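The transmembrane segment feature in TrEMBL is assigned to B:12-29, B:41-62, B:69-90, B:102-124, B:131-148, B:168-190, B:202-219, B:273-292, B:322-342, B:354-373, B:380-399, B:419-436.
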Amino acid sequence: MDILNGLVVFLNFVFIPAAAYGAQLALGALGVTLIYGILRFSNFAHGDTMAFGTAIVILLTWGLQALGISIQPLPTALLALVPAIALTALLVLATDRLVYRFYRRQKAAPIILVMASVGVMFVMNGLTRLLIGVNEQRFDDGARFIIDVRTFREMTGLTEGLALRSTQGLTVILAFITMIALFWFLNRTRSGKAMRAYSDNEDLALLSGIDPERVVRLTWIIAAGLMVMAGTLYGLDKAFRPFNYFQILLPIFAAAIVGGLGNPMGAIAGGFLVAFSEVAVTYPWVRVVGYVAPWYDPGPGNLMQLLGTEYKFAVSFVILIVVLLFRPTGLFRGKSV
Amino acid sequence: MATNRQAATAHSRWRAPIFFAILAVLFVLEGTVRNSMFSGSWNTSLAILNMGLISAITALGVNMQWGYAGLFNVGVVGFLAMGALAPVLISLPPVEGAWEAGIPRLALALLVGLGTLAMARLAWGRTRSGILTLAVLIGGFLAYRWLFDPAVTAIEANNPARQGNIGGLGLPVLLSWVVGGVFAAAAAWAIGKVALGLRSDYLAIATLGIGEIIVAVLRNEEWLARGVMNITSIPRPVAYEIELQRNLDFVEAASRWGFGAAEASGIWVKLSYMSLFLVVLLVIILLAELALKSPWGRMMRAIRDNETAAEAMGKDVTRRHLQVFILGSAVIGVAGAMMVTLDGLLAPTSYNPLRYTFLIWVMVIVGGSGNNWGAVLGSVTIWFLWIKAEVWGPALIAAMTSPMADGPIKAHLLDSSPHMRFIAMGAVLLLVLRFAPRGLLPEK
């Protein structure tokens with residue numbers, strides 16, 4: 001019984017939050033990795049573009065709510081997702097046209113593209129603030145829980161309760177569907193194969209008549225979809241603040257790099273690896289240990305926490321460095337320009 | 001810029017003086033003309049200039065790394081924060097009771113931590129056994145926490161309302177500028193050892209992470225610098241306004257020049273800071289220019305322009321990269337210490353990468369990477385624009401929206417006009433990268 005209680009605590013405070021966070025990171029990292037694979041630079045504007053897309057979702061959600069449209073028990077934001085992706089895709093295509101295409105034609109060094117993306121980051125950041133301000137916005141409506149603590153206790157008779165918030169369940173399911181759709185697209189469709197061919201060997205792809213600009217456009221559109229999806233799920237799960245989206249850039253990059261830049265499978269693995277390590281290292285294990293090993297007394301005040309929660313970002317970074325030291329191109333052997 | 005493909009255009013030698021003259025005119029206007037564009041206050045003008053000079057020193061550090069060696073360091077905020085720690089640890093008065101509370105144990109813990117890393121490295125080097133290395137790391141970490149946690153608890157419990165940290169050494173604050181450079185250099189050495197083997201994009205992301213971590217440590221380790229509780233009243237190297245206002249000679253001299261005592265004291269303090277900053281800036285530029293024109297500088301540029309060729313000619317690229325990374329970071333650290341001295345305050349929450357990493361990058365790119373005077377020009381110009389955007393942005397939006405009818409959209413635009421500065425800075429960076437990739441003052 002105690003073991004079961006321990007397991008419930010573990011699921012409740014470690015597994016479920018980490019799985020949801022991991023799914024969000026994986027979606028973000030997929031976008032970064034796609035852009036790196038096709039356009040061959042690390043997009044520093046990724047986090048702020050996510051914030052911009054999410055801001056549009058929030059505004060549309062408010063509009064829908066004002067009209068009284070809802071899809072109970074699901075959050076209204078899901079309805080707003082599709083038009084928001086379309087708008088964000090337009091914006092992102094415009095930045096490609098105005099900024100990146102010039103350097104692509106010039107065959108500029110990747111680092112110049114990275115720098116240009118810093119410029120885009122500033123503009124996106126400003127646009128987001130202009131659009132929605134800097135304050136925290138909550139936009140999750142619909143049912144709050146799939147299972148709440150009390151129902152779970154009554155059902156199982158355990159002392160510890162388990163809560164599964166609907167946003168967490170939704171995140172994992174939606175991310176899963178998106179990933180399957182993406183892999184289907186990349187492996188089965190003509191356009192997807194063209195993208196992979198272009199990413200693997202640009203010259204060969206050009207020889208076989210693949211239109212590079214079409215591939216680039218497709219990449220941006222898919223990336224925009226992934227960005228808005230990741231941003232919205234993150235915002236529903238935690239809360240929306242423009243600055244958080246700037247900070248999430250580091251774990252997203254870490255996830256993409258740990259998996260191997262340019263490798264979609266790696267991005268997903270990296271996302272979950274980073275998320276699970278972050279949560280596991282900063283979680284106070286004392287309650288779980290209390291159930292699993294009741295004979296062990298860690299002493300008063302010892303929470304059995306490896307690192308304070310403030311150091312979440314440090315964890316993703318340490319994983320990043322360790323992986324790079326032993327495998328310079330990531331776990332799944334990504335590419336390097 | 002290393003990767004620039006445009007032919008070097010010939011520039012008149014008046015280009016730099018003209019740009020600096022325009023900049024000087026802007027500062028004079030800010031100091032003398034009072035209208036909707038300028039404040040007409042010498043205090044404001046000098047305050048902008050002083051922060052601009054510190055930004056210029058930071059930009060010089062970044063320019064050494066990027067302009068000389070092609071290293072893309074996106075952890076500037078971290079090195080600034082390392083430097084910012086120095087005034088606290090050097091110039092604050094010692095905290096009574098901190099030593100008894102646990103400084104020796106704390107120092108021991110940190111030594112154990114470093115020893116663990118060294119041991120792990122040794123274990124890996126000698127045996128290549130992952131399990132042994134991991135065992136050393138885990139054992140060392142447990143020992144470290146066993147020593148570290150009680151010491152921190154004791155120190156933070158020592159008069160927590162006013163101190164609760166280890167305090168400083170009570171030495172002159174000017175010394176801390178050098179120490180700030182040393183702190184940042186030490187951090188850069190440790191980081192460079194690990195990260196400099198990485199390729200450009202990977203290095204950028206690694207430094208981004210390091211910057212975030214250093215700032216996180218500063219924010220959360222209260223025993224060190226009180227974390228989010230901030231540290232105020234850091235000693236000054238110059239006079240205090242209050243003392244000047246009490247000094248009858250000073251008040252009389254001020255009135256002869258037509259200034260009130262309060263205004264004059266502010267100007268005098270800022271001028272004193274400005275002279276100190278100018279001295280540091282000129283010394284760093286002198287050294288940087290000498291280094292750049294020496295065989296060492298030619299080697300650095302050769303490495304930057306073609307790593308493979310330089311390596312083939314027997315240059316130790318990794319070693320040179322580490323060297324210039326440490327030097328550049330040290331300069332950034334000095335700037336960090338100067339900034340805290342100017343503010344008289346260490347507020348870890350204010351270390352925002354958008355402002356202290358990416359804005360510095362805008363300065364370097366706009367000024368002209370690889371050119372030290374360009375970095376200075378770019379820094380002061382961009383800083384001036386950054387500050388004035390707060391006034392000019394709303395004025396512009398107000399002018400643009402004046403034909404609009406009053407309503408929620410107009411109100412929203414007016415409210416959020418301060419955010420225009422981000423868009424403006426991004427646009428400036430993008431335009432310069434596109435149309436003048438070598439910057440205002442290109443490398444010769």
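Numbering starts at 1 and runs along the chain as it is shown here.
Here the Cβ of each residue, glycine as well, is placed from N, Cα and C on the backbone.
For the transmembrane segment (B:322-342), the most Cβ-contacting stretch among B:12-29, B:41-62, B:102-124, B:202-219, B:419-436 is B:41-62 (pairs under 8 Å). Most Cβ pairs under 8 Å with the transmembrane segment (B:12-29) belong to B:380-399, among the candidate stretches B:69-90, B:273-292, B:354-373, B:380-399.
Tertiary proximity for the transmembrane segment (B:273-292) is limited to same-chain residues at least six positions away from its ends with a CB under 8 Å from its CB atoms, namely 46, 49-50, 53-54, 56-57, 60, 64, 68, 174, 177, 237-238, 300-301, 331, 334, 338, 342, 372-373, 376. Taking pairs at least six residues apart, the transmembrane segment (B:69-90) and the transmembrane segment (B:202-219) share three or more Cβ pairs below 8 Å and count as touching. Between the transmembrane segment (B:380-399) and the transmembrane segment (B:202-219), the number of CB pairs under 8 angstroms, six or more residues apart, is fewer than three, so the stretches are not in contact. Here the transmembrane segment (B:102-124) has long-range neighbours at 130, 132-133, 136-137, 139-141, 143-144, 147-148, 150-152, 154-155, 166, 223, meaning same-chain residues at least 6 beyond its ends whose C-beta is under 8 angstroms from one of its own. Long-range Cβ contacts of the transmembrane segment (B:41-62) within its own chain (Cβ-Cβ under 8 Å, at least 6 residues beyond either end) map to 27-28, 30-32, 34, 73, 76, 79-80, 263, 266-267, 270-271, 273-274, 277-278, 280-281, 284-285, 288, 328-332, 334-336, 338-339, 342, 356, 359-361, 363-364, 367, 372, 375-376, 378-380, 382-384, 387.
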